[in-house]
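**Student:** Take this structure first; my questions come after.
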Amino acid sequence: MTTRFTQPTPAAGRSRLAHTGWLVAGILLLAFNLRPAVTSLPPLFPELSSHQHLSSAEVSLLATIPVLSFGVFSAVAAPLARRFGEERVLAGALVLLACGLAGRAALPGALLFPATVAGAAAIAVMNVLLSGLIKRRLPRHAGLLMGLYLLSLYVGATLGSATSVPLYRAAGGSWFVVLGLWCLPALIALVFWLPQTRRGPAARPAPGGGTTRPSRSALAWQVAAFMGLQSLTYYSTLSWLPTLFRDRGSSAAQAGLLVSMLSITGLVTAMLAPVLAHRRADHRVLVAPAVGVCAVGILGAWLAPLGTAVIWTGLLGLGQGAALGLALYFTIARAATPPTAVRLSALAQCAGYLFAATGPVTVGLLHDATGGWSVPFGLLLVVTAAELVVGLLAARDRILPEAPAEPPAAVLAGAPAQAGT
């Protein structure tokens, strides 16, 4: 009997390549939508406050809602993915994001806060699921794809903040245009992503198979702590560096330009860090310089002559971009399976963002209480020291232990012995 082996046809190879290209394009478009809904608002806070008659406390709440929502709603991503499948949940998140952005644009008076919560909730779910999906669908290229994913995220974040004021002026102060414009990238991403929704939920573990619970692992909490501390320093400096520079004599426009360096330089290292990490097992050699550069940037922005501020904000952006790239990469590198990666990502982002939300508030309160920047920025340096410690622990060549398989029900119940034994 002769066995025939069928060789893949060129047409099949092209079809597989096209399918992979469509998947990658969808992932990058999803990533692009992770920040514009958040970064497009702060540049317009003065105009928004005046037009909608918002108090300082309400503006502060509006600035805090996204980070808090990232933490709160990250917890629902994994259960939804197990029930409906990651691809379908991501499509639903894009719909929710588009609806939130549309509602905020159409009725900024009535829906500004609830629509911001809805959009941030959608982003929280996408934040969690994308890393696990990359590990499941394209594991051999996870480092490269995580780098491209972060590049797309940073491009979206930068465009969101850089175009808000020019768009507002060009549209004659139309909130519908400046806030509603960001519905378009979400809808475009949805069109590219819809073919992926044909996939249902991933197969469940076989009966008796173990289920990893990251919350029971010290390594998982080290990854979560690194995620939280790097996020805290990022959001604290993003919120308060403009005020620091203006207090030191910079104009509002100059301060905004200086802070934009965080995104411009961070884009480079956020893309490179996962690519470099994917090529080595032990990542401690990458964590130390990333956090060290953050500390140098904070110290220089605080104490060095104002004329050199562009250097220090550039360095700070490099360090923060690398730290974010590593924190997200750890959620897949420390997990043995894609489902575990989703659970680890949910834990790291839920705990991390809830903790990070305290940073800007604490820095602001300390500045108000002391009347200066020594105490709040000194605290940020202490935070970077803690970030280094937990980062080195999270960067070790370790993976979360998989839970042992449970004994079959028959064994637990005491199955009767077979005849003849």
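These residue numbers are counts, starting from 1, taken along the chain as shown.
Cβ atoms are placed via backbone N, Cα and C, with glycine included.
On a predicted model such as this, the values are computed, not experimentally measured, just so you know.
Annotations per TrEMBL:
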type: TRANSMEM; residues: 21-39; note: transmembrane segment
type: TRANSMEM; residues: 59-77; note: transmembrane segment
type: TRANSMEM; residues: 89-107; note: transmembrane segment
type: TRANSMEM; residues: 113-134; note: transmembrane segment
type: TRANSMEM; residues: 146-168; note: transmembrane segment
type: TRANSMEM; residues: 174-194; note: transmembrane segment
type: DOMAIN; residues: 217-421; note: domain 'Major facilitator superfamily (MFS) profile'
type: TRANSMEM; residues: 218-235; note: transmembrane segment
type: TRANSMEM; residues: 255-273; note: transmembrane segment
type: TRANSMEM; residues: 285-304; note: transmembrane segment
type: TRANSMEM; residues: 310-332; note: transmembrane segment
type: TRANSMEM; residues: 344-367; note: transmembrane segment
type: TRANSMEM; residues: 373-395; note: transmembrane segment
**Student:** Counting Cβ pairs under 8 Å to the transmembrane segment (174-194), which of 21-39, 59-77, 113-134, 373-395 comes out on top?
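**Tutor:** The stretch I would name here is 21-39.
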**Student:** With pairs 6 or more apart in sequence, are the transmembrane segment (344-367) and the transmembrane segment (113-134) linked by at least 3 Cβ pairs under 8 Å?
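**Tutor:** The transmembrane segment (113-134) and the transmembrane segment (344-367): touching, yes.
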**Student:** Can you find at least 3 Cβ pairs under 8 Å between the transmembrane segment (113-134) and the transmembrane segment (218-235), where each pair is 6 or more residues apart in sequence?
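**Tutor:** The transmembrane segment (218-235) and the transmembrane segment (113-134): touching, no.
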**Student:** Thinking of Cβ pairs under 8 Å, which stretch from 59-77, 146-168, 218-235, 255-273, 373-395 has the most of them with the transmembrane segment (21-39)?
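**Tutor:** Most contacts with the transmembrane segment (21-39): 146-168.
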**Student:** Which of 146-168, 255-273, 373-395 has the most Cβ pairs closer than 8 Å to the transmembrane segment (218-235)?
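**Tutor:** Most Cβ pairs under 8 Å with the transmembrane segment (218-235) come from 373-395.
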**Student:** Cβ under 8 Å, sequence separation of at least 6 from the ends of the transmembrane segment (373-395): give me the contacting residues as numbers and ranges.
**Tutor:** 219, 222-223, 225-226, 229-230, 232-233, 236-237, 240, 244, 247, 282-284, 286-288, 290-292, 294-295, 298-299, 302, 323, 326, 330, 334, 359, 362-364, 366-367
**Student:** So what pLDDT does the domain 'Major facilitator superfamily (MFS) profile' (217-421) average out to?
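**Tutor:** Mean per-residue confidence for the domain 'Major facilitator superfamily (MFS) profile' (217-421): 86 out of 100.
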